[in-house]
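Shown next, in structure tokens, is the structure this report addresses.
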Amino acid sequence: MAAAEAEARGAWCVPCLVSLDTLQEYCRKEKLTCKSIGITKRNLNNYEVEYLCDYKVLKDMEYYLVKWKGWPDSTNTWEPLQNLKCPLLLQQFSNDRHNYLSQVKKGKSVISKDNNKALKPAVAEYIVKKAKQRIALQRWQDELNRRKNHKGMIFVENTVDLEGPPSDFFYINEYKPAPGISLVNEATFGCSCTDCYFEKCCPAEAGVLLAYNKNQQIRIPPGTPIYECNSRCRCGPDCPNRIVQKGTQYSLCIFRTSNGCGWGVKTLMKIKKMSFVMEYVGEVITSEEAERRGQLYDNKGITYLFDLDYESDEFTVDAARYGNVSHFVNHSCDPNLQVFNVFIDNLDTRLPRIALFSTRTINAGEELTFDYQMKGSGDVSSDSIDHSPAKKRIRTVCKCGAVTCRGYLN
Ligand SMILES: [Zn+2]
Ligand SMILES: [Zn+2]
Ligand SMILES: [Zn+2]
Ligand SMILES: [Zn+2]
């Protein structure tokens, strides 16, 4: 039907798989203007340094090979140092060159001394890869921040290797139910308190204690459910019983770990103990589907499957392809985050939301971790992982480094 409509309007809409930058490069190469992709007569001949690719000395003059922003590689030109007005890119170039050489020295292959007249091809190649990676990660960081709907910012950093953004990961803010699963997002009951802290509020209605103290810290033991106020409650956004629903308040950084644990997440702000840090979201699938996916996934994929076994074991959250920052949080046998089951607008006990709270004060710069084997119940031994043949098949060695490390992720 969409196609017929488009045809009626006399136009076909086909998604373009090429990036905007590449389209701009084509345009400039062919000397064409195109307003909708941002190439006008005015900027058709703009030259801005995107990054520096190579270096040489010719007749005592220093030159850099310049990649021009919005122009294809075929238009790269050698420019004398005195023409370049990009101190940060020059610094970056020098740092990358230095890092490459010190890495090579660490491995024992001894390189012949730089003659200082030109870079070895391998060095230049590394510098270009690093520049491209930086651009790709920046673009990904921008995208994550466009998509997220919470207060805290998301940063991305890789000073360790050449890994770029994950190719098969889509940022979501909330559960994405698989076809056939419906998440009821309307509560059937709301409170009418004037002060939810002191009155018989939503938690009491569910037969549990209010989860938070006046400092927005969790005060109930792990394994106890959180019932927050919802869209039917009379209280406003400042109600002390609305924490998880407000989303992540801290600026976090997805960073490349140097101990072989892939990406990890660190906080850029100090987090008070017992505070809400982030929600664990992903696709909500049936446990049968989780079993099936578990067989298909490799070791890493399996670690994204999170059984919602608060009261039944009908559903699993799969954060392998769809998720938020929690997708990148590593496992530790001695974690600083603890899992809680949360009910807000959905009171179906088979489908709790999963919230991660700090177990202690976490300083700015510290990596965030949670125990992949720890479920809402807080009991490792009764964990459904032990009963699932799909997950039992492959054991993944744990690299958390904790004194109390159990040795395996599953
Ligand atoms: Zn209330
Ligand atoms: Zn309330
Ligand atoms: Zn309420
Ligand atoms: Zn461990």
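Quick reminder: no glycine exception, Cβ is built from N, Cα and C everywhere.
Feature annotations, courtesy of TrEMBL:
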type	residues	note
DOMAIN	47-105	domain 'Chromo'
DOMAIN	189-247	domain 'Pre-SET'
BINDING	C191, C193, C196, C201	Zn(2+) 1 binding site
BINDING	C191, C202, C229, C233	Zn(2+) 2 binding site
BINDING	C196, C229, C235, C239	Zn(2+) 3 binding site
DOMAIN	250-373	domain 'SET'
BINDING	C333, C398, C400, C405	Zn(2+) 4 binding site
DOMAIN	394-410	domain 'Post-SET'
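Ligand 2 lies under 6 Å from the Cβ of the following binding-site residues, listed in sequence order from C202, C229, C235, C333, C400: C229, C235. Just so you know, of the binding-site residues C191, C201, the Cβ with the fewest other Cβ atoms around it within 10 Å is the one at C191. Selection of the binding-site residues C202, C333, C400 by a Cβ distance under 6 Å from ligand 4 yields, in sequence order, C333, C400. Secondary structure of the domain 'Chromo' (47-105), assigned with DSSP and counted as helix (H, G, I), strand (E, B) and coil, comes to 25 helix, 22 strand, 12 coil.
A C-beta separation below 8 Å, combined with a sequence spacing of at least six in one chain, links C202 (Zn(2+) 2 binding site) to F189, G190, C191, C196, Y227, E228, C229, N230, C233, N241. Within 10 Å of the C-beta atom of C196 (Zn(2+) 1 binding site) sit 24 other C-beta atoms, taking all shown protein chains into account. Shown in sequence order, H331, S332, D334, K399, G401, A402, T404, R406, G407, L409 are the same-chain residues outside C333, C398, C400, C405 whose Cβ sits within 8 Å of the Cβ centre of the Zn(2+) 4 site.
Checking each of the binding-site residues C193, C201, C235 against C405 (Zn(2+) 4 binding site) by C-alpha distance, the shortest gap belongs to C201. Among the listed binding-site residues, namely C229, C233, the Cβ with the most fellow Cβ atoms inside 10 Å is that of C229. On a Cα basis, C400 (Zn(2+) 4 binding site) lies 41 Å away from C201 (Zn(2+) 1 binding site).
Residues within less than 8 Å, Cβ to Cβ, of C398 (Zn(2+) 4 binding site) and separated from it by at least 6 positions along the same chain comprise H331, C333, C405, R406, G407, Y408, L409.
Neighbouring residues of the recorded Zn(2+) 3 site, listed in sequence order and excluding C196, C229, C235, C239, comprise C191, C193, C201, C202, C233, R234, G236, P240, N241, R242 (Cβ within 8 Å of the Cβ centroid).
Only C191, C201, C229, C233, in sequence order, out of the binding-site residues C191, C201, C229, C233, C398, C400 have a CB under 6 Å from ligand 3.
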